[in-house]
């Protein structure tokens, strides 16, 4: 599959060849995490590569990784990976979810979804397969084909391994699956360790209860066994596993709100406090962490949610699903959530998990993946502009120049979705001659305002005329009402 990635030119060939040599000397060491090296003052090859991608000094990348404000999810067994960064100092990133369900899809289709997600700009991809196929086969196929970091939710496979019987799951089952995912090259795993048994009564006043699949599994486990969350009690053991592979924690928010009514409630905030504790525990092991967030949040509560996470979790990168800012638009939740995502990114969220038009309705197909990703690339880019990240607006300015100069092909090329931009233009003006035309079908050949080209000479000449006439002539005449 790596050979196919080279053939597809997904990655610079040098990276595919070089990363294997980067990680080879590290294998077998007790701790191979990027944070571990950064805290020793070592700039790894991954850090240097990320610094170039982000146009940041290598020293800053190392300092941010050591501090925990930046992560580089890069399992040493995922050698076909192009290193990337998630953190407040880097550009806002977008994750795409794919995965087979018991009712739909197979390994080949999921790899095709991966390719589509990468094509449309996914910075990371999560495999959320829950059953119906050989989960290990699907996961390894995705990892082998992927140039971007791959994330998983191991509790799904833990439950599948006992054929859905919660009562048969024990603590070792969870840890066995977690290590298997690390061995296969998973770069980050959603670990729902922040949901405690004492949190469960706090969901009583909610409209939608627990909407996290992983959180729901662990809630059922605790209710059946009347014991504490095993991912919490065995958290240090998970850290020991993660640091051997440089797998990153994505601390799951099991109690994220599933509707506007439940946003920022006691259950959500109680779990967030525990996630802060777990972040610091992972850092003691030099293990990288990002923290997951809601969900469904009204616009006026988004800033509070981002700042609260930064406060509780010591500014570990925040990774949010949406959030959706209204609940009344099934079929359009890529829009309702992209609105919230842009605002969350503006306030400091490091990565946005895309939502597709199929959210709450069904398993996304290829077109849904495209629609969701483009919506979220827009949101992330808007956040980068709002945060004044260096170079964030360069592409906008270049496209605007092309638009003003009626350079249609350049406009298409610079678009987030060049195929869609060209398709819409060509619906009414398909002939090649119209690629040089100084109009589109909206205004036609005579009414496009951008045909009015005002030069510096025009302005200078006008200024001289105005100066000669004097300001008095330019003062508006007040007419009497009778006139």
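Cβ from N, Cα, C; glycine included.
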According to Swiss-Prot, 97, 126, 156, 192, 212, 213, 214, 253, 254, 255, 256, 319 bind substrate; so which of 63, 64, 292 is the extra one listed there?
292
8 Å Cβ shell about 440, 443, 448 centroid, [4Fe-4S] cluster site members excluded:
439, 441, 442, 444, 445, 447, 450
Near residue 97 (substrate binding site), which residues of its own chain have a C-beta under 8 A away, given they sit six or more steps off in sequence?
125, 126, 128, 353, 354, 364
State the count of C-beta atoms found within 10 angstroms of the C-beta of residue 440 ([4Fe-4S] cluster binding site), not counting that atom itself.
18
Roughly how many angstrom lie between the C-alpha atoms of residue 443 ([4Fe-4S] cluster binding site) and residue 254 (substrate binding site)?
51
Can you give me the Cα-Cα distance between residue 254 (substrate binding site) and residue 360 (Zn(2+) binding site) in Å, rounded to a whole number?
17
Here are some binding-site residues: 212, 254. Which one has the most Cβ atoms within 10 Å of its Cβ?
254
What subset of the binding-site residues 296, 360, 440, 448 lies within 10 angstroms of residue 256 (substrate binding site), using C-alpha positions?
296
Nearest of the binding-site residues (156, 212, 214, 296) to residue 448 ([4Fe-4S] cluster binding site), judged by Cα-Cα distance:
296
